[in-house]
Structures are given as C-alpha cells and as structure tokens.
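The disulfide bond annotation in Swiss-Prot covers C7-C32, C18-C40, C22-C42.
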Amino acid sequence: DKLIGSCVWGAVNYTSDCNGECKRRGYKGGHCGSFANVNCWCET
C-alpha cells in the first residue's frame, strides 16, 4: 500500500477523506491504518 498522509486532524498531511483522496489519485481505495489508525494508506 501507498502512504499518502495522516488521518489525524491537525497532523502533517492530514487527509479528511482517506478513501476518497486515494480514489481521486487513481488508487482502488484507501483506509486509515498503521499504529492507532494515524496514517492514510492507499490500496495499490
């Protein structure tokens, strides 16, 4: 998967709609994962 940003408000590269942002970039979708769901990962 491709890390594009953070799912935490106020964090660097905050992404309000992780799934939508990933789709906009051409990925199949995305989800908030990793430790404590802080990162936005796009499905590659």
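Cβ from N, Cα, C; glycine included.
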Reduced DSSP assignment, C42 (disulfide bond): strand
In all the protein chains shown, the tally of other Cβ atoms within 10 Å of the Cβ of C40 (disulfide bond) is 27
Quick check: in three-state DSSP terms, what is C7 (disulfide bond)? coil
One finds that other Cβ atoms within 10 Å of the Cβ of C18 (disulfide bond) number exactly 23
Would you mind checking how many other C-beta atoms are within 10 angstroms of the C-beta on C32 (disulfide bond)? 17
